[in-house]
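What Swiss-Prot annotates here:
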- 15-35: transmembrane segment (TRANSMEM)
- 333-353: transmembrane segment (TRANSMEM)
- 360-380: transmembrane segment (TRANSMEM)
- 387-407: transmembrane segment (TRANSMEM)
- 431-451: transmembrane segment (TRANSMEM)
- 463-483: transmembrane segment (TRANSMEM)
- 528-548: transmembrane segment (TRANSMEM)
- 853-873: transmembrane segment (TRANSMEM)
- 897-917: transmembrane segment (TRANSMEM)
- 953-973: transmembrane segment (TRANSMEM)
- 984-1004: transmembrane segment (TRANSMEM)
Amino acid sequence: MRFFALFIYRPVATILIAAAITLCGILGFRLLPVAPLPQVDFPVIMVSASLPGASPETMASSVATPLERSLGRIAGVNEMTSSSSLGSTRIILEFNFDRDINGAARDVQAAINAAQSLLPGGMPSRPTYRKANPSDAPIMILTLTSESWSQGKLYDFASTQLAQTIAQIDGVGDVDVGGSSLPAVRVGLNPQALFNQGVSLDEVREAIDSANVRRPQGAIEDSVHRWQIQTNDELKTAAEYQPLIIHYNNGAAVRLGDVASVTDSVQDVRNAGMTNAKPAILLMIRKLPEANIIQTVDGIRAKLPELRAMIPAAIDLQIAQDRSPTIRASLQEVEETLAISVALVILVVFLFLRSGRATLIPAVAVPVSLIGTFAAMYLCGFSLNNLSLMALTIATGFVVDDAIVVLENIARHLEAGMKPLQAALQGTREVGFTVISMSLSLVAVFLPLLLMGGLPGRLLREFAVTLSVAIGISLVVSLTLTPMMCGWMLKSSKPRTQPRKRGVGRLLVALQQGYGTSLKWVLNHTRLVGVVFLGTVALNIWLYIAIPKTFFPEQDTGVLMGGIQADQSISFQAMRGKLQDFMKIIRDDPAVNNVTGFTGGSRVNSGMMFITLKPRGERKETAQQIIDRLRVKLAKEPGARLFLMAVQDIRVGGRQANASYQYTLLSDSLPALREWEPKIRKALSALPQLADVNSDQQDNGAEMNLIYDRDTMSRLGIDVQAANSLLNNTFGQRQISTIYQPMNQYKVVMEVDPRYTQDISALEKMFVINRDGKAIPLSYFAQWRPANAPLSVNHQGLSAASTIAFNLPTGTSLSQATEAINRTMTQLGVPSTVRGSFSGTAQVFQQTMNSQLILIVAAIATVYIVLEILYESYVHPLTILSTLPSAGVGALLALELFNAPFSLIALIGIMLLIGIVKKNAIMMVDFALEAQRSGGLTPEQAIFQACLLRFRPIMMTTLAALFGALPLVLSGGDGSELRQPLGITIVGGLVMSQLLTLYTTPVVYLFFDRLRLRFSRKNSKPVVEI
C-alpha cells in the first residue's frame, strides 16, 4: 500500500522516472546495430594449401591428412571437413560458439607449423588460413570490367590493390577474387623442336630458373663513397625471356624462342568470370563470423568513392550484389508492423473504455515500456533484427495487459463513485499481486530458452531477453506511472452511468450477460466440459505428431546462389560455354535483376552463380517460385546441371554444397563408400520429398594411367623421378620461377604448348634425357590406358566422406524429407561400414526436434513452480495451466490451415501462448480466492462472480494481444516469411483459448477445489481428549 502511494502522491518524481527510462531507450535505439538476425555464426577458419598438378588423391593423402591430424588436436573444434581436388586442398574448421575466433586462429597457425615437416616438397607456398566460412554467401560482390585491359591485368589490379584495401575494412573476413588469375610469363614448349635440338624439359626449366635470379650483390666502399651493386639478373617480361640461351647444339646457341612460344599471360588459363554476359573479375566479399553484416556493408560502401578514385578510367567498377537492401527493407517492415500493433492495441483500449483520458494512460505506458527496452538491448550487446523487433511487436500486447488490468480496476472503482486518488490506490492494491503474478509467470516461460544451448538457444536468446525486459519494465510502469496518471487524470462518475450502455459498451454488456447465462449452464454440466478439456489434450498430441516440421522458415532474401555440376570429363572450354548458356537462361527471366558467375580453377567441371532478384515490390513471385520456374528451363541444358537455392540469413556448416540441406556418408573404407554412395544417391533421387539431389563425390573423371616398366627404365638409364618430372613439366602448368615486382610477385609457368596436347597422342611425342644424354621416347618404357579417377576426395574428421545435398520441393517440409531419407536408408540395408547422418542445417533441425518437447515441458514446469511459490498452493497453478491445451490446439490448427510447417518461429509462438493465455485464469483465480476469503462465498459463487467481474479485462487483454499479433499475420513484403508463422500461431491460439477457457477454467477450478476438500477429509484425523 505504501509502495503504491509513494508514486501516486508524487507525480513529478514518477514522471521524471518515466522520462529517464524513455530517454535512455532513445539513446540505446540510436546506438544499436542493425542485423537480419541475432549473431549466430559459428567461428569458422578455412585452411588452404596447393601443389600445382597434384591429383586429388595425392593432395588428400600427402597434404590434407597430415594437416588434419595436426589440426584435429585443437580444442573446441566442432567439425572438421576437407576437400581435395586437382592441385588444391581446403580444410574447414568449425569451432564451438564459445571459442574466440582470434585464439582459434593462433592455434590453427601453430598446428600448420607443426605439420610443415610432414608436407611434400615442391609446394609453392606454405598453407594459409582465413577467418571466413566459404559456404556463406558473399555479403557483397563487386565486378571489374574493361574494354581495353586484359583479364589477367584486371585480376592483378583487383587482387593487389582493391582486395587488400577492402580486406582492411572492419568486419571483412575474406575477399575472394575470381574470374582469372595473376599475370605470368607462360612458356609453351614445342616437343618436336625440343627433340630436334636434343633439349630436355628439365634443361629448359633449369635454364629459366638460373637466368632469373634475385640475390643480394653487396656493395663497394672506399674511404669516401659507397656504391650499391645492382645487376640485370632478373627477367620480367616475355620479350626478355625469348632470347634466353638454354642449350648449345654443336656450338650453335638454342634460344628459348626457338623451341617455345613465350607470352605474357596468366598463371592459370582455365578460369573465367562473367557478369551479365560480359567477361569480368569478381570480388566476392565475406564477413567475419562475429561481424555485423550491415555495418560491414556500410563500411565497404563508404570506401567505394576512394576505390573508384584509384581505379583507372578504363576500368568499370560496379556492385553486382548487395545483401543489405533486403535486410533493411525487412527491418523497415517490422518497424511498421510494430507501429501498427501499438496503434491497434490503443484502439482496443479506447473502444472498451470509451474515454480519451483513460486511453491516454496506456498510450503513454506502452511506448515507455517498449522504448525503455532499447536501453537494455544495447547494454546486452544485442542488435535491431527481425527477431528482437518481433519480440517488441508481440510485447505490445503484453505490456498493455498490465496497464489494462490496473486501469480497468481503477475505472471500476471510479464508476462506483470513489474519488480518483483513493480509487487509484485501492484499485492498484487489489490487482498488484495479480499483475506481478502475470508478469513473473510470463517471464518464467522464457527461462528454458535462456538455458537452451547450441544454435537454437543462441538464436532465441535475444528474443527471450528482449521480451522479458519489456515485460519487466511494463510491470514497473503499470504499478507506478499508470496508477499515478489514473489518480490525477481520471474523474469520478456516478454508478451505472449511461455511457456504459452506448456503442461498444452496450455490446460488452450484452456479451457479459450472455456469458453469465451460458456459464451457469456450463457449471451445471461440468462432465461435458471435462470431456471437451480432455479432448483438447488428446488433440494437441495428435496435431503435434501430424504437423509437418522444419527448422527455420524459408526466407526470400532476394538473392539466389547456384552451383554448376557438369560431366566429370568436360573440358574447360566446354564448361565456360555451359556457364554462358545458363547465364543467358537466367538473365532472360523477368524477375532477375543481375547475374554473375565463374568457373575454373581446381574443379574444372563446376562453377558458381550469384543471382540478384528484383525487389519484392517489382515482382509477383517468391524466390522459391522463381527457382521452380527456372528449374524447368535449366533442366533442358545437356551435359550440366545448375542447382539453385535461395540465400538464407542462417546457414550452418562449412562444407560447400549445391543445395540447402545435406546428408553425409562416412566410412573408414573408401572402396565401401564409393560402392554405396551411388546406390544411396539414386534411391534418394527417386524420393518425391527431395529435389535437386546431388553429391560431392565425383569418381568418374577421365584419367590416363601410365604404367612404368621399371626394368626397361633401369636398362635405359632413366629413373622414376625424371619420368614424373617430364609429365609435370609437360602438363602441370609448372611454376618454375618467380618475377618480383614492387606490388606483387608473379610466376613463370612452363608446359608443353596446348596445341600439341589436344589428344592422347601427345604422350607419344614426349621423351626423357637419360644418364647418357640420349633422348628416350616415353613410349619406350611406359604404357598408358584410360581409366576413371576422382575429381575430388573429401574427408570429415579423419574419415572418407561424401555429402549428398538436396532441396525441398514446394509444399514439402524438412521433417517429411528427413523421415523419407531415414526410411530409405533402412530399406537399402546399408552396411555398418558406411554411416549416414544429417549435417549442416538438417543436423541442427534434428537436434532441435529432439529438444522441442523437452523445452515446452520445461517452460510449463517453470511456470508451475513460479505460480506455486506465488500462490503457496499445489492446486491453483494447475487450474491456471489448464488454459494451455486449448491454446495449443488453436495454434496448431491455424498452422495447418495456412499450410505453414511447425518451425522454430512457431515454437516461439507456442512459448508465448503459454504466457499469454494463463493471464485469463490468473485474473479469475485471484478474484475467486479473494471472494472466498473476504466475502465468505462458496467456491461456485466465488468463481462465477470472478468470471463476470473479470470478463471485461479478460476481453480487453486478449483482444489487445490478438490485435498486437494480427499485423504479423497480415504483413507482406520483405521478411514476412519470419513474421507470419509467429502471428498465425499466436492468433490461432488466442482465438481458440478465448472460446474455451472462459468455460473450462471455472470448471477446472471447482474440480480441484472439490478434490482438495475430499483429500483433506481423508487425511483428517479425529482429535482424542486425554
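Positions of Cβ are set from backbone N, Cα and C atoms, glycine also.
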Quiz item: Among 360-380, 463-483, 528-548, 953-973, 984-1004, which stretch has the highest count of C-beta pairs below 8 Å with the transmembrane segment (897-917)?
Solution: 984-1004
Practice problem: Would you confirm whether the transmembrane segment (953-973) and the transmembrane segment (333-353) meet the contact rule of 3 or more C-beta pairs below 8 angstroms, pairs 6 or more apart in sequence? | Solution: yes
Practice problem: Spell out yes or no: are there three or more C-beta pairs under 8 angstroms between the transmembrane segment (853-873) and the transmembrane segment (431-451), with each pair 6 or more apart in sequence? | Solution: yes
Quiz item: the transmembrane segment (15-35): which same-chain residues, six or more beyond its ends, come within Cβ distance under 8 Å?
Solution: 292-295, 327-328, 331, 364, 367-368, 370-379, 382-385, 473, 477, 480-481, 484
Quiz item: Looking only at residues six or more beyond either end of the transmembrane segment (528-548), which have a C-beta under 8 A from one in the stretch?
Solution: 522, 812-813, 815-816, 882, 885-886, 888-889, 892-893, 895-896, 901-902, 996, 999-1000, 1003-1004, 1007
Quiz prompt | Considering the transmembrane segment (333-353), which listed stretch of 387-407, 431-451, 984-1004 counts the most C-beta pairs under 8 Å | solution = 387-407
Practice problem: Could you tell me whether the transmembrane segment (984-1004) and the transmembrane segment (360-380) have 3+ CB pairs under 8 A, leaving out pairs under 6 positions apart? | Solution: no
Quiz item: Going along the chain, which residues at least six beyond the ends of the transmembrane segment (463-483) come within the CB cut-off of under 8 Å?
Solution: 3-4, 7-8, 14-15, 17-18, 21, 38, 361-362, 364-365, 368-370, 372-373, 376-377, 380, 382, 387-388, 390-392, 394-395, 398-399, 402-403, 405-407, 410, 424-425, 427-428, 432, 435-436, 439, 442-443, 446, 449-450, 908, 912
